[in-house]
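J.: What Swiss-Prot records for this protein is below:
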COILED    30-65  coiled coil
REGION    69-90  region 'Disordered'
COMPBIAS  76-85  compositional bias 'Polar residues'
REGION    112-166  region 'Disordered'
REGION    180-217  region 'Disordered'
Amino acid sequence: MCSRGVGRTTEQGIRIGRAGERERIRGRVRAVIGQLEGILRDLKEVAKELKEVVEQIDRLTSDFEFELDTDDWTPGTVSSTSSSEKGGPLCDLGPLDFLSSDSWEFCSFLEASTPSDSGDGSDRPPDFRLLNGGVTPNGPDSSSEEIPIAQQKPPPSKNSGSRDRVRFSDKVLYHALCCDDSEDPPYGQETPRDPPRATAPCAVMKSKPGGLTGVRKGTRNCSTQTVCDKSTQTVLPYVPKKGKDKL
């Protein structure tokens with residue numbers, strides 16, 4: 001019996017604890033709801049104050065006239081009104097109704113609408129003498145103070161008939177006979193050209209009783225000669241030994 005009574009009391013205590021927790025949660029929720037209601041009331045009061053401020057601004061600005069004529073419109077007013085109205089219809093602006101402040105068409109319109117500075121209205125062409133670096137005026141009374149143009153002197157012309165003589169010296173002849181590339185000939189002197197080589201006659205080679213074996217160009221074996229010797233000496237015809245004995 002005692003155990004049953006103890007079990008009942010514990011169950012009742014648990015129920016009471018759960019009920020207390022629920023009451024606490026409900027109290028917190030009610031408090032939050034009350035705070036939200038207070039915030040909504042404050043917002044409503046702020047909205048009323050804003051309406052009153054707007055009405056006062058309308059009363060103060062009712063005496064001002066903000067309507068402008070079409071001639072007074074500028075690109076700034078056009079852009080401001082278009083941004084404020086968010087794409088609303090604009091009034092008739094004449095030639096500016098299709099232009100914007102950042103378009104090339106507006107720039108061309110301004111260039112076409114600007115009047116010319118000259119009184120007669122005729123466009124004077126630019127002075128090409130100033131552009132090409134000609135005589136530059138130095139003020140309003142600079143007719144006498146003009147910068148002279150530097151005249152270019154023509155280069156001295158040489159006579160076609162006259163020709164410099166080439167004087168040959170021992171040094172030039174030495175260079176003609178011996179190749180020495182370390183030293184260049186002096187300025188104004190020309191090295192003599194190689195004399196034309198004599199054409200060597202063709203020697204006919206005879207063979208045993210059979211006839212001609214072939215035609216051979218007679219040249220002298222000059223394997224020990226230098227390049228300069230070959231260029232300066234004439235080529236001697238080749239004569240076989242039999243021919244030398246007969247001579």
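Just so you know, glycine gets a Cβ as well, placed from its N, Cα and C.
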J.: For the coiled coil (30-65), could you work out the same-chain residues 6 or more beyond its ends whose Cβ comes under 8 Å from its Cβ atoms?
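T.: Apart from its flanks, the coiled coil (30-65) reaches none.
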J.: On average, what pLDDT score does this prediction assign to the coiled coil (30-65)?
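T.: Taking every residue of the coiled coil (30-65) together, the mean pLDDT is 91.
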